[in-house]
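Working notes, structure below.
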Amino acid sequence: MAISSIFLLSLFSLIYVIPIEATHHVYQTLETLSSHHSSKSNHQPYRTAYHFQPLKNWINDPNGPMRYGGFYHLFYQYNPKGAVWGNIVWAHSVSKDLVNWTPLDHAIHPSQPSDIKGCWSGSATILPGGKPAILYTGIDPNNHQVQNIAIPKNMSDPLLREWKKSPKNPLMEPTIANKINSSSFRDPTTSWLGKDGFWRVLIGSKIDTKGMAILYKSKNFVDWVEAKHPLHSAEGTGMWECPDFYPVLDKNLLRTGVDTSRNGDDDVRHVLKVSLDDTKHDHYLIGSYDVVKDVFVPENGFEDNGFVLRYDYGKYYASKTFFDDGKNRRILLGWVNESSSVADDVKKGWSGIHTIPREIWLHESGKQLVQWPVKEIENLRMNPVNWPTKVIKGGERISITGVDSVQADVEISFEISDLGKVESLRKWIDPQLLCSQKGAGVKGGVGPFGLLVFASQGLKEYTAVFFRIFKYQDKNLVLMCSDQSRSSLNKDNDMTSYGTFVDVDPLHEKLSLRTLIDHSVVESFGGEGRACVTARVYPTLAIHDKAMLKLTSEY
């Protein structure tokens with residue numbers, strides 16, 4: 001196999017089984033966002049440098065992202081008093097580019113009976129005339145989950161620094177009449193305006209083990225009435241947290257996004273995403289929105305399989321999208337929890353980050369969504385490094401030098417010329433289990449091949465991101481894994497391996513891998529964004545300049 005160009009965005013192609021050619025280009029490092037993000041301190045080897053992360057304390061769900069007044073606004077669940085969950089407020093940051101963020105004062109904090117015990121997740125909607133409104137879940141004195149509204153105090157302030165709550169709060173609440181579970185009624189979506197002039201919003205809920213998205217309607221965005229039936233529900237899925245419902249363009253080669261209120265057109269399909277509380281993963285369905293019956297109808301293949309597809313097959317939850325009307329794209333943000341122990345989080349003084357914002361759109365096949373880091377992240381790239389073409393044989397590991405191995409953006413493409421030695425899968429198996437059984441140290445017919453990230457001298461520690469190819473029912477099946485089983489000598493960490501199958505035919509197209517590396521997070525995008533896997537890792541040896549980045553090909 002041969003390498004031809006590493007960019008950091010490390011680009012290289014590999015032809016497998018026999019020696020192959022490849023190219024790779026590398027940017028030597030990704031610029032650290034600002035001094036308060038810097039993780040160069042020996043005492044903070046795991047603080048990220050270019051991911052969204054507060055200076056200290058606990059962060060979880062992204063809330064109410066929107067573009068207003070020339071700024072991107074991001075609100076988020078935050079504990080101002082510590083590095084564990086509790087005392088939740090809506091913190092607020094703004095950005096011009098979705099990469100460099102400036103923190104502002106907290107936007108929403110407990111102050112009314114309807115939210116006195118917490119201001120939980122919700123969404124922002126831009127009303128006619130360009131006025132933002134936030135619907136969010138509050139916890140009342142009885143620990144009931146209710147829905148509230150807040151609007152800006154000063155519409156002329158592009159930073160939206162102050163918000164006021166309605167005296168009519170709560171606008172939606174569980175009652176004896178509606179029989180809604182008061183402990184399972186949260187996370188309102190971005191609202192959409194129907195052609196009948198009514199606003200609609202979804203609230204996540206459940207009845208026993210049936211998860212559902214309860215639908216409410218309003219003419220004035222204040223007086224809401226529950227619809228006769230949920231927009232959608234599914235038995236055995238448990239509580240639906242952080243639902244998201246939005247249109248996507250069919251056959252969208254330009255990756256264009258559309259406004260949330262776009263519906264009923266022939267070129268539009270809809271996505272229903274839910275964060276399943278039982279599994280702590282974000283799943284989605286693709287289907288159509290029946291605007292007459294007010295129901296979501298999953299397409300063939302999604303009905304029987306249920307919530308099989310996921311945004312990200314690693315550590316990723318409570319995501320939220322918004323339509324960026326400035327660039328006609330839909331942006332996805334998600335929360336990445338720690339894999340360290342609570343005791344270690346308290347010692348660090350912080351917990352949780354957000355992924356790099358991703359563009360999201362419908363793949364041309366119509367069978368799944370595609371995600372890719374926003375273009376703006378490329379402005380952080382520095383110092384390109386170019387490698388001449390190299391031949392790599394099976395069993396070789398090549399160090400990628402001249403780069404900052406703990407803070408990088410790597411792109412690779414693999415080209416396979418011979419699949420005669422692929423392993424056979426006799427029966428279907430869960431890909432995450434398969435990644436655990438056949439990790440980076442287990443040789444196969446074709447694979448594993450990919451990257452070793454945060455690798456220590458002697459490989460006592462490393463995180464592996466790799467592909468492996470199988471034959472299943474006379475078709476080639478590509479497995480993508482993020483193997484954390486040897487990521488740290490600290491056994492208190494969660495070192496679960498993750499993975500998924502990638503819908504790529506390796507005979508007719510290259511296998512691409514892009515990996516964003518940032519001190520304790522590894523975001524990987526396979527098949528040009530058709531599969532995403534995020535990992536949190538905390539090596540004890542492979543930190544700072546002791547960490548190595550390697551290309552590996554074991555077969």
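Note that Cβ sites are derived from N, Cα and C of the backbone, with glycine treated the same way.
Swiss-Prot lists D61, D140 with the feature active site, giving sequence analysis as the kind of evidence. Annotated substrate binding site per Swiss-Prot: W58, I59, N60, D61, Q77, W85, W120, S121, R186, D187, E241, D277, in sequence order. Swiss-Prot lists C435-C481 with the feature disulfide bond. Sequence annotations record features per position, and here Swiss-Prot assigns N-linked glycosylation site to N154, N181, N337 based on sequence analysis. Among the features that Swiss-Prot reports, signal peptide is placed at 1-22.
Locations of recorded Swiss-Prot features on the structure.
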residue: W58; record: substrate binding site; DSSP (3 states): strand
residue: Q77; record: substrate binding site; DSSP (3 states): strand
residue: W120; record: substrate binding site; DSSP (3 states): strand
residue: D140; record: active site; DSSP (3 states): coil
residue: R186; record: substrate binding site; DSSP (3 states): strand
residue: E241; record: substrate binding site; DSSP (3 states): strand
residue: N337; record: N-linked glycosylation site; DSSP (3 states): coil
residue: C435; record: disulfide bond; DSSP (3 states): helix
Tertiary neighbours of D140 (active site) (same chain, Cβ under 8 Å, six or more apart): P113, S114, D115, I116, K117, V146, P170, E173
Sequence-distant neighbours of N154 (N-linked glycosylation site) in its chain (C-beta under 8 A, six or more apart): R161, E162
Maximum Cα-Cα separation (Å), residues W58, I59, N60, D61, Q77, W85, W120, S121, R186, D187, E241, D277 listed as binding substrate: 20
Neighbourhood of N337 (N-linked glycosylation site) by C-beta distance under 8 A, where only residues 6 or more apart in the same chain count: N60, K315, Y317, S351, G352, R536
The one of N60, Q77, N181 whose CB sees the fewest other CB atoms within 10 Å, among these recorded positions: N181
CB contacts for C435 (disulfide bond) [other CB atoms within 10 A, all chains]: 28
Which recorded positions sit within 10 Å of W120 (substrate binding site) - Cα, from N181, C435, C481: none
Shortest C-alpha distance to D61 (active site) - which of the recorded positions Q77, N181, C481: Q77
